[in-house]
Each structure stands twice: as structure tokens, then as C-alpha cells.
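*Asks:* Below you will find the structure I want to go over with you.
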């Protein structure tokens, strides 16, 4: 049986040595003058865990400094725990400047989609350039939605690729998630999360009109996602009920915006958009003149808001020509019995959305602060609180291996809303101003409000949660850090593994990990330092030292505790 020796050195630090018979050329531990130690050439940072072979019983910190020592030794691991150690580890991670974006995990493949998915015979919906089908992952049996677009019908393929690029950049609870794309000689396939609750349009047709409290629930989501888009200089240009889907059939289901086919990047406040795009009932007057800005979305949302409350549009006619003529005049009324019990605050917000002068028209961030939302607040999971387990998960996430953080981000991205229901609701409550992200101050405030004591190194933890270095906590970043790794299903772990395993051969190579890590995450060429970083990430979890990671090693990595 191999010996595990804990030995105090002259400087008062603690060395952990694995002792067994070996040749001089096969040293078990190589020492350096730093916080790093090595086991068989595997770099171990203070406070971290690594995968080891059968002869190596150690998983954890190799060096410890401080007067108080808490050393836990068992068959599988040796851990040295101390708040100062944890702080040192977080500081070393911050100095390493390891940052990445989730968009790099949305991969594009060439080949046959049906090698991986079974498509439904009947489409869920039809569009100008193709259809949307329900798709079932052949191996994992997970349901997705697949938009199948014919290249022959596409008038402008580069324009369509811009739609894909826009979707890759979006990370918001009210935006349908793009998961991966496929392309063959005839078609392009967009694999997205599946929404089963139907269109907002269908619900309006069925219901007729809605009470103000439910309308506020819908409009807050619409203004929130528009605020998110406009902050990123993206104009949707086709806001209408048909382009919002309910995630599921539950009464409190969120809505998701879809179809970015007409979306466009813009320069803030300039009237540089010229293309006449949109749908007659919802199109803004400036679009018809051929010179408009992002506030065309606010006009369209005002029309949608009007319809929610009464069941019919403010501008109507027997033909598109008549409808557009009414839009150009911009005249509408709040007459009819449907408006008798509608509040003045609701009417005021509609008026501010349907202001003819775009410069005076309300923007999404202003709309979210309108008094109507406070008066007609929809009580959607407003009692959602963060418990101590979420804070513990944040702390654990900060100490994860780089590879593990990548995997947790992919799992958060691949998870459906059912898997993260409570965390999603918590995120929405914390996002008080509806920007689609949480500031570090908002997260601190939310934790303290729920009676949780923040660790003294919380700012360092936040830097680790902010994986793309944007200075704020995006939706997927929050979910990735808050997820309980003990609750991860084998299916979700395999979902992440399969993203890394680009060629689908059952193993993750250095080249594949580099492709994932730097795909869309790095400007310029990959340097030797980047390559060395990836090699270290592989080495940290490569249990059998073959230079590759199989699913067993990957699964074991995801189970490591701290």
C-alpha cells in the first residue's frame, strides 16, 4: 500500500509526498519556488484538485502556509482547507486572466443533421425560407427545435449568417437559445431550445384581451429583451405576437423572442437603417419613409401592448395599403367598451410608445421604469430567495479547474428551463432594472437581503463568476455558478462532453479543447501560451496519461469536490 506523508518543512509550510518505489528518472514530485507543485508532471495550484492514477492517492493542495491547519486525508483525496488558501487561489486565478464567452460553445458542423437527430414528419411552423421541426437527439432523447432553411430560397446567405451571429451573441432568459448549427450542400439547420407553449398571437386570438396584471407580465418581458438588444446595438425590426413563444403551457410560462431574420446592428441614435422591414400592423411610420432607428421596435411593442388590452390593433384597414396609410397618420383611439376599465397609466405608456416623433418616443429602459409596472405588478415568483446552498455553489465554482468551469458553462447553456427553474426565477428577481444581466452590486444586495453573510473574498469570487470579463453577471454565467454539481444528471454531463468531443470519437483531444476554448473567444492568432494552457487543462484531468480525456475521466472530473 502506498504511503501518504504530510511533512512540515523549515519554512513552516506543509508538503504532501506520495511515496512508492520508483526509478530516479520517474520522480513523483518536482519542486519549484512557487505555490505550484507537481505530481508526475501535473501542475497543481494551491487549493485545487487533479485527477491521479491508481498509485497517486492525492487530490488537492500540495502546499499550505498559515498557523491553522485542517488536513483531511482519506483513500481518495487529501485536502488542506483554509480561507487564506482559498483567497490565494482566487487571486492566482484572477492574475491568470482566464476568460471565455459562451458564444464559443455554439458550434457549427458540416454534415448530415439526421445522423444526430430524428426530425418530426410535420413542421411546427413554416416561414419564408423554410420550416421549424421538432427534433429528438438520438442518443440523449432530448427534444429540440430545428429551423431548416433552404439555401436555394435564401436571397442573401451572408445576411442569414448575420442572423446566426446575432443569436450566438445573445444570452437572455427571454431569447430562444441557439445551441448548434449544421450545414450541408442544400440546407442550413439551426438547433434551438424547444418552446411548447405556442405563440403569443394564438393566445391573443383565443383569449381576446388580457387583464392589465397579466399584460404587465408580458410587456415587462418584451421591454426587458428590447432593452437588452438595444444596449447591444441590435434592432429586431419585426416585433409582433407571432415572434414570441411561450416556453411551456404553464400559466406563468416565460415568453421567448424568436426569428432574428430581420434583425440588424445599428449605430446608436443614428437614423441609418433604410430597409423597409416589418409587418404592416406593427411597422413604425419612419420605417415606411426609409430612414429610422432602433425605436421602431418601441413603436411595434406599443401596437402589441394596445392589442393585448383590447384584442384589436390601433391601425387597421381592409388592405395592407389602408393599414399603412393609417400608420403614417399615426392616429388611434381608446374607444370601445374594452377601454372603459383600462387605467390611465396603461394608456399613457401606450401613447409614449406610439409617439410619432421617434426622438421623443420612449426607450425600453424608460418603459421599464414607467409607473404602470409598479401599479400593475404581476406577482411572478417574487418571493424567490437565494439560500445558503447557492452561495456555497458560488464559492465552489470560484475554485473549479478551468476545464470544469468551461463544462459548467456548457451545461448551463444546454439545460432547459425546467432544469434551472428556481435559479432562472432568482435571476429575474435580481435583475431589477430588466437589463438581462446582474451587476455585481445587485448580486451582493440580493444575497444580503436574503440574510446571507458574504465571505470577505466575495469580490474575487465575482471575478470568477464573470467568466467573460464584462464586469457584469450574464444569465448563463449566473446559472453556471449557481448550479449544484451534485445534482447534475449523467445526461447533462454527457451533453457537455459531446460539445468538447468535436469529431464525436469518444475522446477530447488538445486540438478539440483549443478549438472550443478559442472559437469566438479570442481575437488574433492562438499563441504558444494558449496551447500550453490547453495542454495543462488536459493534463489536470487525464487520469491514464494518454493525452486525451474520455467520458469516464470527464465524468470523474465533474464529480470532484472541494
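Going from the start of the chain as shown, residues are counted 1 onward.
Even glycines carry a Cβ here, placed using N, Cα and C.
From a predicted model like this one, the values you see are computed outputs, not experimental measurements.
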*Asks:* Of 393-401, 420-428, 429-437, 438-446, which range does Swiss-Prot call motif 'J domain autoinhibitory motif'?
*Replies:* 393-401
*Asks:* Using Swiss-Prot as the reference, determine which range in 382-391, 402-411, 452-461, 462-471 is annotated motif 'J domain EF-hand interaction motif'.
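*Replies:* When 382-391, 402-411, 452-461, 462-471 are checked in Swiss-Prot, motif 'J domain EF-hand interaction motif' belongs to 402-411.
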*Asks:* For the motif 'J domain EF-hand interaction motif' (402-411), what's the model's average pLDDT?
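*Replies:* Mean model confidence (pLDDT) across the motif 'J domain EF-hand interaction motif' (402-411) is 94.
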*Asks:* Indicate whether residue 553 (Ca(2+) 3 binding site) is helix, strand or coil by DSSP.
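*Replies:* Helix, per DSSP.
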*Asks:* Within 10 Å of residue 553 (Ca(2+) 3 binding site) (Cα to Cα), which of the binding-site residues 130, 466, 472 do you find?
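*Replies:* So far as Cα distances go, none of the binding-site residues lies within 10 Å of residue 553 (Ca(2+) 3 binding site).
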*Asks:* Would you kindly give the Cα-Cα distance separating residue 501 (Ca(2+) 2 binding site) and residue 472 (Ca(2+) 1 binding site), rounded to the nearest Å?
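*Replies:* Cα-Cα, rounded: 30 Å.
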*Asks:* For the binding-site residues 468, 477, 505, 507, which one has its C-beta crowded by the most other C-beta atoms within 10 angstroms?
*Replies:* 477
*Asks:* Name the one residue among 466, 507, 512 whose Cα is closest in three-dimensional space to that of residue 542 (Ca(2+) 3 binding site); these are the binding-site residues.
*Replies:* 507
*Asks:* If we check Cα distances from residue 501 (Ca(2+) 2 binding site), which of the binding-site residues 132, 477, 546 wins as closest?
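*Replies:* That would be 546, nearest by Cα distance.
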